[in-house]
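Student: The structure that follows is given in the form of structure tokens.
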Amino acid sequence: MLTENSAVNSGGKSKCEAGACESRVNGDATSVMDLMAVSTSATGQDEFDRNAPRICGVCGDKATGFHFNAMTCEGCKGFFRRSMKRKASFTCPFNGNCTITKDNRRHCQACRLKRCIDIGMMKEFILTDEEVQRKKDLIMKRKEEEAAREARKPRLSDEQMQIINSLVEAHHKTYDDSYSDFVRFRPPVREGPVTRSASRAASLHSLSDASSDSFNHSPESVDTKLNFSNLLMMYQDSGSPDSSEEDQQSRLSMLPHLADLVSYSIQKVIGFAKMIPGFRDLTAEDQIALLKSSAIEIIMLRSNQSFSLEDMSWSCGGPDFKYCINDVTKAGHTLELLEPLVKFQVGLKKLKLHEEEHVLLMAICLLSPDRPGVQDHVRIEALQDRLCDVLQAYIRIQHPGGRLLYAKMIQKLADLRSLNEEHSKQYRSLSFQPEHSMQLTPLVLEVFGSEVS
């Protein structure tokens with residue numbers, strides 16, 4: 001049996017005894033175990049308060065966790081393990097009741113070991129050398145398996161990453177989410193005489209709000225909650241002969257502002273397109289054909305960034321630039337466009353696309369080889385296929401369980417085609433009316449006012 005005694009100084013007293021060997025100060029019990037009990041009492045007997053300071057039950061030093069069935073520091077953990085493995089026997093030269101602290105814990109090993117046992121440390125929890133080695137081998141095996149799984153995960157190639165980074169950068173450079181340029185447009189005009197058309201438009205917005213509330217409480221069915229059939233009935237007599245010119249002017253009071261907004265957005269879409277990898281390699285004729293045919297679809301995709309499910313509106317900065325359905329009706333648009341537009345925005349918002357997915361979808365939308373007026377179908381299709389491959393690879397990595405996400409995104413492109421057709425038809429109708437076409441910008445008239453030849 002190994003015996004290790006504490007050193008005694010020339011005065012006959014150990015450093016431990018000369019130090020703070022008393023366990024009570026001024027008659028108050030302040031042991032480490034008392035402090036631990038106080039720190040854990042708020043969370044119950046079986047739950048340790050993670051926010052409370054962890055204190056070693058042996059010496060009061062900062063604890064690193066439970067070791068051998070007790071909360072201890074690394075030093076006392078090692079001391080207990082060594083003592084048990086060596087089957088050491090220590091003798092206290094004093095009364096066997098030394099107070100163990102961080103500073104004097106090396107001075108009386110007997111009382112330190114006794115304290116370890118008193119707080120519940122058990123030698124049965126100590127692993128043998130063979131068990132330690134098996135544990136190390138198991139940890140190493142798990143690390144190797146994790147590394148192998150990581151190596152098997154699908155990864156984007158450098159080229160695919162470069163494409164995504166280019167598109168994200170292009171979007172950031174051509175989409176100002178502060179909407180600071182909106183103050184340069186002709187100002188929005190929402191007020192005017194309360195005519196039948198304005199009243200119907202207000203009802204449209206009111207019912208949209210009701211639909212929004214229903215959607216928030218029951219998001220499982222967009223089609224049933226966003227019921228526009230009642231709204232359509234309100235507009236049955238919108239073109240009746242007794243509609244006055246004043247009524248018509250009030251109904252289109254937002255046309256100048258929204259025409260400027262769309263014209264501005266078209267310019268930004270052009271800037272975005274020029275930064276899509278491969279777009280500038282196309283002929284000028286194909287670039288123009290693609291832009292004229294897809295511009296409004298890209299604008300609708302981008303506008304989803306400002307669309308709110310709470311009130312079915314587009315918030316573009318201050319209150320003057322918060323657009324509701326009522327505002328869109330005052331630019332000459334009807335329910336044939338607004339109903340599918342709002343449903344599209346809601347559905348797209350619910351997909352919760354990453355920014356990378358959003359910009360890829362815009363680029364795929366723009367590079368559609370079946371657009372009217374396109375000449376080099378093969379080349380454009382190759383560019384689009386490459387982007388589709390990147391999108392699918394990204395989805396596989398970021399959404400391992402989202403097998404249907406890609407299909408849902410492609411379906412949104414089909415929805416955009418229908419919206420595009422109706423939007424162009426309504427804008428062409430406006431362009432044929434001199435009193436309204438004069439409010440449109442030349443760029444808007446060029447893109448929406450005539451068919452692509």
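Cβ atoms here come from the backbone N, Cα and C positions, even for glycine.
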Student: Select from 92-111, 172-191, 412-431 the stretch of residues annotated by Swiss-Prot as zinc finger.
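Tutor: Matching range for zinc finger: 92-111.
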Student: Would you please say which range out of 217-235, 274-292, 293-311, 312-330 has the annotation region 'Interaction with coactivator LXXLL motif' in Swiss-Prot?
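Tutor: Comparing 217-235, 274-292, 293-311, 312-330 with Swiss-Prot, region 'Interaction with coactivator LXXLL motif' matches 274-292.
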Student: Please identify the range among 56-76, 350-370 that Swiss-Prot labels zinc finger.
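Tutor: Swiss-Prot lists zinc finger for residues 56-76.
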Student: Which candidate from His333, His399 does Swiss-Prot annotate alongside Tyr175, Ser265, Arg302, Ser306, His423 at the calcitriol binding site?
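Tutor: That calcitriol site, as Swiss-Prot gives it, pairs Tyr175, Ser265, Arg302, Ser306, His423 with His333.
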Student: Whole-number Å distance between the CA of Cys98 (Zn(2+) 2 binding site) and the CA of Ser306 (calcitriol binding site)?
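Tutor: That comes out at 70 Å between the alpha carbons.
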Student: Determine how many residues of the zinc finger (92-111) DSSP places in helix, in strand and in coil.
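Tutor: Counting residues by DSSP class gives 3 helix, 0 strand, 17 coil.
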Student: Please list, in sequence order, every residue of the chain apart from Cys56, Cys59, Cys73, Cys76 whose Cβ lies within 8 Å of the Cβ centroid of the Zn(2+) 1 site.
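Tutor: Counting only non-site residues, the set is Gly57, Val58, Gly60, Asp61, Ala63, Thr72, Glu74, Gly75, Lys77, Lys102, Arg105.
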Student: What are the helix, strand and coil residue counts for the DNA-binding region (53-128) according to DSSP?
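Tutor: With helix first, then strand, then coil, the DNA-binding region (53-128) has 26 helix, 11 strand, 39 coil.
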Student: Determine, using Cα-Cα distances only, which of these binding-site residues is closest to Cys73 (Zn(2+) 1 binding site): Cys92, Cys111, Tyr175, His333, His423.
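Tutor: Of the binding-site residues Cys92, Cys111, Tyr175, His333, His423, Cys111 has its Cα closest to that of Cys73 (Zn(2+) 1 binding site).
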Student: What span in Å does the calcitriol site cover, taken as the longest CA to CA distance among Tyr175, Ser265, Arg302, Ser306, His333, His423?
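Tutor: Taking every pair among Tyr175, Ser265, Arg302, Ser306, His333, His423, the longest Cα gap is 25 Å.
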Student: Which whole-number value in Å describes the distance between the Cα atoms of Cys56 (Zn(2+) 1 binding site) and His423 (calcitriol binding site)?
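Tutor: It is 72 Å, counting Cα to Cα.
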Student: I'd like to know the mean pLDDT over the motif '9aaTAD' (442-450).
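Tutor: The predicted confidence over the motif '9aaTAD' (442-450), as a mean pLDDT, is 81.
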